[in-house]
């Protein structure tokens, strides 16, 4: 007997599973508060060289007549942010007014932000790459954390390691807020990223492992929606909190709150059985059966039956990451899935970090970016059963890349049009992200599914790490970053067509299934899925999604 059969008997998707999903939605909503925090704490406000005046009111003056005497103008007529006329008479007499880099530091416009990391440590002009690199350091930490917590959760369990993630994220988030130097902040943010990564991957795995096969897509979509609401909530917090230290502390506080419902969170029964801890697994399965009203099955949960499941689960663990590239078809899946996962994260964060330059308030842009994810995820949930996983993944990426490319050549004066296209591109990038989780899980065989997801997660974080650095290339040519993003989306989407379709087929159990082409259509399963899923489940699931949306919207509305 397989674990899925036992899970179906105790209630594969009922009250117990909804309780687990509800608990896991909180840490999922916390993630965007940190993952997209860079948009607000590292903003570079308008700035100019200090005039070296002894009078405070003159030092802080932005009067154009005063500035024109000391600050050179750029080609577009605006005042330079990084240079000042040399005060030395020798330059003025013999060579005319010569500009030099700011010798006495900078003065910053505080009309929008009281302080940011850029103003705290003067990360502007020649040092602006250090400010942008903070996002890269954070996502490198997330990459390392995906590997670390993936191994630790397999060894010590899901529940215990997600608690470690909560506590570490709280401590390191607070440390970041009280950092006294750039180096201290960069290190604490990177390590905090590693801790948050545990919250990310463990939460998803634990939720999926307690959900039956038929409802895993829906469970993943519900958990993913909480990310979108966290995304919108970040815009509201940033609007009211303009100091980077205070904002960092506020977005860290929910990590403490997440510890409270952790006590009601069950350990993964699948993991317990895979590690031979039969009695503990039995306890949680009985608890699941009672909550779901399956009391008649409790007596059938004897240790002898569970031991057989244990043997089956342990047998599936004797594989490593090297098995992903040892055989030709699986190697192709590994390479192409790695590339489209890189593109998914690269495009998503490339768009997410670009919240200025549209002529719209950055807080409103951030909120709209979060809001568009909700219909995008619901759209992806329904459309994937119509056009298939492969076509969905491919076209979501191609359309996202194309929209980024189109927006590149639209004049800045058309701010509304540029914003609309950017928002639609953001929606398709989120649809690509949602599809990637489902498609990858179905591509890899059961014996290597955890390794495959771990591998794609690391590649994904590399893409998110590189996205902010690519933006620095606008100094070379202002069209270069968007063209790179657009090309990546179109090329990666085209490569997805090389992969097999996984809609309504038997999922592979082992490597042989993949190599022998087990992707034949399961007609019976497809028919049952169409009838049942369309007539009942979709209506129920959509209703629940709407209730979730209304509840969370009320919760974040001031």
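The backbone N, Cα and C atoms fix where each Cβ goes, and this holds for glycine too.
The transmembrane segment annotation in TrEMBL falls on one of the ranges 90-109, 110-129, 130-149, 270-289, namely 130-149. Looking at 479-499, 500-520, 521-541, the range tied to transmembrane segment in TrEMBL is 479-499. Relative to the transmembrane segment (394-415), the listed stretch 479-499 leads the set 16-37, 161-180, 247-265, 363-387, 479-499 in CB pairs under 8 A.
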